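Features of the protein shown, as given by Swiss-Prot:
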type	residues	note
ACT_SITE	118	active site, nucleophile
BINDING	46, 49, 95, 98	Zn(2+) binding site
DOMAIN	7-129	domain 'MsrB'
């Protein structure tokens, strides 16, 4: 897994919530993420390593309180792990490049995939395709 900063660099470069979510499999409170209501066109990247993860065209409002997407930019962008924590059976999603925790994927999304990638804003950055502005979640 390339381009992952050292733990010290991560602690110094991320907010407390960003570090908790990406490095300790945390979850930000619902409806609080900076990128939840972002409607601009562009690409969502991993906050830790800047790998592209999701295109804005695949983002939709699932009503769950976290940014939701119906597919990643590529099969390699996401790593999937079984998560049996908190008495639930879920599929955890991590960055395929640096292994940062992103969120979970559920089989209740819209077509064409039927999947809902439920992602913490704190694990993402967004690059606006119009002006190149980057927004960190």
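Placed from the backbone N, Cα and C atoms, the Cβ positions cover glycine too.
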Residue 95 (Zn(2+) binding site) CB neighbourhood, other CB atoms within 10 A: 26
Over the domain 'MsrB' (7-129), what is the model's average pLDDT? 95
Alpha-carbon spacing, residue 49 (Zn(2+) binding site) to residue 118 (active site, nucleophile), which is rounded to whole Å: 19
Cα-Cα, residue 95 (Zn(2+) binding site) versus residue 118 (active site, nucleophile), nearest Å, comes out at 13
If you measure between the CA atoms of residue 98 (Zn(2+) binding site) and residue 118 (active site, nucleophile) and round to the nearest Å, you get 19
Integer Å distance between the CA atoms belonging to residue 118 (active site, nucleophile) and residue 46 (Zn(2+) binding site): 14
Provide the number of Cβ atoms within 10 Å of the Cβ of residue 46 (Zn(2+) binding site), excluding the reference atom itself. 25
Where does residue 98 (Zn(2+) binding site) sit by DSSP, helix, strand or coil? coil
Within the domain 'MsrB' (7-129), how many residues are helix, strand or coil going by DSSP? 28 helix, 40 strand, 55 coil
Cβ contacts within 10 Å for residue 118 (active site, nucleophile), all chains included, total 23
Give the number of CB atoms, excluding that of residue 98 (Zn(2+) binding site) itself, located within 10 Å of its CB. 20
